[in-house]
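Chemist: Structure in structure tokens, see below.
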Amino acid sequence: MLSVLLFVSFLALIVLGIPVALGLAVSAIVVVVIAGVDMPWFGLFTVQQSFDAAIGKYPLLALPMFILVGSVFDRSGVAQRMVHFAVAIVGRKPGKLPIVVILVAMVLGGISGSGAALAAAIGGVMVASMSRAGYPRPFTATVIGSATAADILIPPSIGFVIYSILMPNTSLPALFAAGMFPGILAGIALMVPAYWLSRRHGLGANEGHEPKPALWPAFKEASWGLVTPVLILGGMRAGWFTPTEAAVVAAVYVLFIGMVVHRTIRLRDLVPIFADAMRISALIMAILGMAAIFSYCVNTMGLTDPVIQWVASLDIGSTMALIVVLLIIAAISVFLDGTSVLMIFVPMLVPIIHQFGWDPILFGVLAMMVMAIGQFTPPMAMNLLVACKVAKTSIEATLPWVPWFIVSFAAATVVVGIWPEIALWLPRVLGYL
């Protein structure tokens, strides 16, 4: 009865428009109080303990630093320089600007760590130029929303930071390395419908009228930003710093780029930059803490046991069980943000992963890929919503375009599932496995 109340109350609060974090906490606290009716205050102590334990983990120190990196890049003009460099490589022909968007999202996704913030940054740079080139705004929003969803795979990924905390004996550097090639594959998969749809519908007819930037000057302008992912991953591989320390190094480096190299950030700009990073970090931390309270209720009431028994009773084998679990994660990700999905369901899935002997690194990559699909699948689609807001269009107008990108991203996920070495080869070569 209490388990039904837990999930029904949470869903009811979400339908009423209550923020996800608050809905998780309220539904869980109500159940805790009812379950401990004889001494409810004792149960409420566990609420505080669960919240503190969730946000008091050392690896989470990296989270606000990576978010700060994204905030600095958003204001430093690096995105514009990346676009010029990508255009210099790809060229100026119909169908090329969507490829530029995806390329820039792949590079900046390894810096920003926040898909929604990345969608806003790229949208601010690309929407006007794509409109001038002849691309309809709904198509532009779809390309931006789908491209920035893949940032959850490309290191540094906030999703992998959270997953490494929730999944026992899982190395964060190994997850970062494992996400690299699947992230690139997902980007390439998105380029296929972006280019094909552009050519098929005659989009971007005016694109060739603008001059192509010179390659070498564009590279020099973008080189400082391009070094950032190399600094983060290379420094961790060389043993210069831990993932948490890498986040601090990256934050200092991007501030140096903005304030000294490009001089687009002044001292007075630091206050809104830090305030923006703090707001986003506080929101994510709140979701983490409140989702931990929800997970505490799930685990205390033994709700994971029926799930394990149900999956085991299907008698469908390890591969089909993996497909079922991933489909469930994909469906849930349509309605919840990635952080909430991880905090609620990864603790529930740990016994299932162990029972079937799935590689936790590979499972983490596949889970991130299906979660990424959910982030640009209507009706919730956080990344797509941000892209639509920047492009000044409605999410309904993107519906003719979105399915093509969902299918392509799903195909990339299937490829990684069939050939797991795409994800596992790099961490093995780097000595993380």
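Residue 1 is the first one shown; counting continues down the chain.
Cβ from N, Cα, C; glycine included.
Checked TrEMBL, it gives:
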| type | residues | note |
| --- | --- | --- |
| DOMAIN | 7-421 | domain 'TRAP C4-dicarboxylate transport system permease DctM subunit' |
| TRANSMEM | 59-79 | transmembrane segment |
| TRANSMEM | 99-127 | transmembrane segment |
| TRANSMEM | 139-166 | transmembrane segment |
| TRANSMEM | 172-197 | transmembrane segment |
| TRANSMEM | 246-265 | transmembrane segment |
| TRANSMEM | 277-296 | transmembrane segment |
| TRANSMEM | 316-349 | transmembrane segment |
| TRANSMEM | 361-381 | transmembrane segment |
| TRANSMEM | 401-426 | transmembrane segment |
Chemist: Take a look at 139-166, 172-197, 277-296, 361-381, 401-426 and tell me which one has the most Cβ pairs under 8 Å to the transmembrane segment (246-265).
Modeler: 139-166
Chemist: Using Cβ distances below 8 Å and needing 3 or more such pairs, separated by at least 6 in sequence, tell me whether the transmembrane segment (172-197) contacts the transmembrane segment (277-296).
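Modeler: Not in contact, no.
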Chemist: Near the transmembrane segment (401-426), which residues from the same chain, at least 6 beyond its ends, have a CB less than 8 A from one of its CBs?
Modeler: 138-139, 142-143, 146, 149-150, 177-182, 185-186, 188-190, 192-194, 197, 322, 326, 359, 361-362, 365-366, 369-370, 372-373, 376-378, 384, 433
Chemist: Over the span of the domain 'TRAP C4-dicarboxylate transport system permease DctM subunit' (7-421), how high is the average pLDDT in this prediction?
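Modeler: A mean pLDDT of 83 is what the model gives the domain 'TRAP C4-dicarboxylate transport system permease DctM subunit' (7-421).
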Chemist: Of the listed stretches 139-166, 316-349, 361-381, which one has the most C-beta pairs under 8 A with the transmembrane segment (277-296)?
Modeler: 316-349
Chemist: Taking a Cβ cut-off under 8 Å, which residues six or more beyond the ends of the transmembrane segment (361-381) line up next to it in the same chain?
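Modeler: Residues packing against the transmembrane segment (361-381) from afar: 115, 142, 145-146, 149-150, 152-153, 157, 159-160, 163, 167, 170-171, 174-175, 178-179, 182, 186, 322, 326-327, 329-338, 341-342, 346, 353, 395, 398-399, 402, 405-406, 409-410, 412-413, 416-417, 420, 423-424, 427, 433.
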Chemist: Do any residues, 6 or more residues outside the transmembrane segment (59-79), come within under 8 Å Cβ-to-Cβ of it, and if so which ones?
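Modeler: The answer is 104, 108, 111-114, 117-118, 120-122, 124-125, 156, 158, 161-162, 164-165, 172, 222, 224-225, 228, 243-244, 246-248, 250-251, 254-255, 257-258, 262, 264-265, 269, 273-274, 276-278, 280-281, 284-285, 288.
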